[in-house]
Amino acid sequence: MTSRLTALLRTPDHRWRLWPGVAAFAVPAAIAAQSTSAFTAYQLDIATTLLAFIALAQAWNILAGYAGQMSLGASAFVGTGAYSAGLLEVHAGLGYGPAVVGAVAAGVALSALLAYPLLRLRGDYFAIGTLAAALALQAWAVNWSFAGGSTGISLPAAGVPGPVEVFQLACAVAAIAMIAAYLVAHSGFGMRLKAVRDNEPAAVGLGVPVFRHRLGALLISGGLSGLVGALLALQQISFEPGGMLGLGWTINALLMTIVGGIGTVLGPAVGAVVVYYLLTKQLESYQTASVIIEGALLIAIVRFAPRGLWPLLIRGAGRLGTLLPRLAHPLQKDAP
Amino acid sequence: MTANAVVNGLLLGGLYALVALGLSIVFGVLRLINLAHGEILIGGAYLAYVISEHLGIGPFLALPLAVAAVAVLAYLVQRFLLTGLLVRGAEGALVATFGISMLVQGVFSQEFSSTPKALTSSLSTSGFTVAGVQVRGIYLVAFLVAAALCGAAHLVLTRTRAGLAVRAAAADPATAGLMGIDIRRVYAVTFAVSAAVTAVGGVLLGVTFSFTPDAGIPYLVIGIAVVVLGGVGNVAGTFAGALLLGLVQSLAAAQFGGGYRDLSVYLLFFVVLAVRPRGLFVRRAPA
């Protein structure tokens, strides 16, 4: 039954085909990007932030979920992207197109720089090393007068697109992140990455070059986070180290991915909607309460549903799917 | 001026030893980086603040009460949350401590707002001058307490039956369990004692500097830097690493200005991770 339903979506050897997944992300993104006139500026801003969070959570998911490298340095990559874009616009006089490309390059470069001291070590050193990198970059940006010191950067008016263009860019960024996650999840590279995560000695024994795969995941994640940083810079127009290099990005990326479902393609998107739209946004005027609730939610998820909400929903739906036919035909209950 | 920076840096290092000791023991025994470590530290300071406000006593009289409360809370958290997660793997427990960190920070901001608080004691302002070097009284007290606690931890771990059980649990939990050591209890007691030591550090820190709800994270990184310098679970190494870190920080601030105080810590941390990831004071790689 299920096999006949999904036959079109699978290859002859029962692996999932790539195009339905790509279409599933690209079509809604394209529709949303075209129907901007239906939204007010405020709604566009919220949607842009949500899409940025989806992309950021996905970037974190590729590193933490698929490569098993728990990073606490998401803010370092976001801030590097935002500052690179900002500095390129302010000091090099570039438009926002090249600035965005520069931000991606900066995110990749930071990943490469951090890979040498951090990737060779046990996983928990990686977590704490990325945290130190994030704090170090923040402390540096505060002292760096070229980048505006503690008052930060304001983008020149010529380098800032309108809210509609920023929203369309956000759609593209989120789509790129989702497609990247899909490719990582279903490619040979992703399979080997998961093998390294689940059983490193076995993966080494089968000839998987561990360092190169982790480095690949880190570079992809860093480039995506840099892209998100550039998007946030264009959205916020002016920013300072406290916000753009602050731990908030790290907390949100981790929270959204783990709440939604770490190591799944759709989980981070679900988590971003739950955490940003259903929690942070609704509790906007009670900020401490929302931090307390989010912390409690994180503990509860880790304790009681470590795979996250999305797999929980899927499993619930699957159970319902097997339960309902049984209820309809109670006599066949014991049939094999 | 340099003598001033060296002496005060070493004394500040004593305070950092108190910040790092609990973290080092938990990392060494439970194989867990406790991301809520900074909040335990600041929690000790806030509890001492509340107790001294309510009972009208000085921070040093409030210290035993605050430390006991932190230890009991830590025991419960370890016993009923973290141990169960540690069995499944280090990642879940790591994320859980991150959740605890967020939750506790939220509670601090709710209760105490974000205005800086400080524990007031005559020690925090008094000081003396030896051979042209100005020393704050609290720095010296913190240094002596740190030296005493590190010495005590070293003796307990190496010379007592309880310490033997803890070292056995750290080396090989499964075999230690087969030998009749109750791993869950060892973990919970280790976590509670580490939290108590950390709370002592927090109270002394609160007398030395002012603190805010989010002050814990930088101290967590200082603690981790000390642990990395000194080697995981190595008490003597932790003390030496803390002194070195305090010295580097103080000299960097004297040389390049106060803005580089924190940056020097992070840079040192990266250099050591890149060059000697097992710590500066370890001769042989542990098996």
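Glycine is no exception: its Cβ is also placed from the backbone N, Cα and C atoms.
Whatever TrEMBL says is automated annotation, not expert-curated.
Per TrEMBL, the features are:
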type: TRANSMEM; residues: B:6-27; note: transmembrane segment
type: TRANSMEM; residues: B:57-77; note: transmembrane segment
type: TRANSMEM; residues: B:89-108; note: transmembrane segment
type: TRANSMEM; residues: B:137-157; note: transmembrane segment
type: TRANSMEM; residues: B:186-209; note: transmembrane segment
type: TRANSMEM; residues: B:215-232; note: transmembrane segment
type: TRANSMEM; residues: B:239-257; note: transmembrane segment
type: TRANSMEM; residues: B:263-281; note: transmembrane segment
Among the recorded stretches B:6-27, B:137-157, B:215-232, B:239-257, B:263-281, which has the greatest number of Cβ pairs closer than 8 Å to the transmembrane segment (B:89-108)?
B:215-232
For the transmembrane segment (B:57-77) and the transmembrane segment (B:239-257), does the number of C-beta pairs under 8 Å, pairs 6 or more apart in sequence, reach 3 or more?
no
Going through B:6-27, B:215-232, B:239-257, B:263-281 one by one, which has the most CB pairs that fall under 8 Å from the transmembrane segment (B:186-209)?
B:6-27
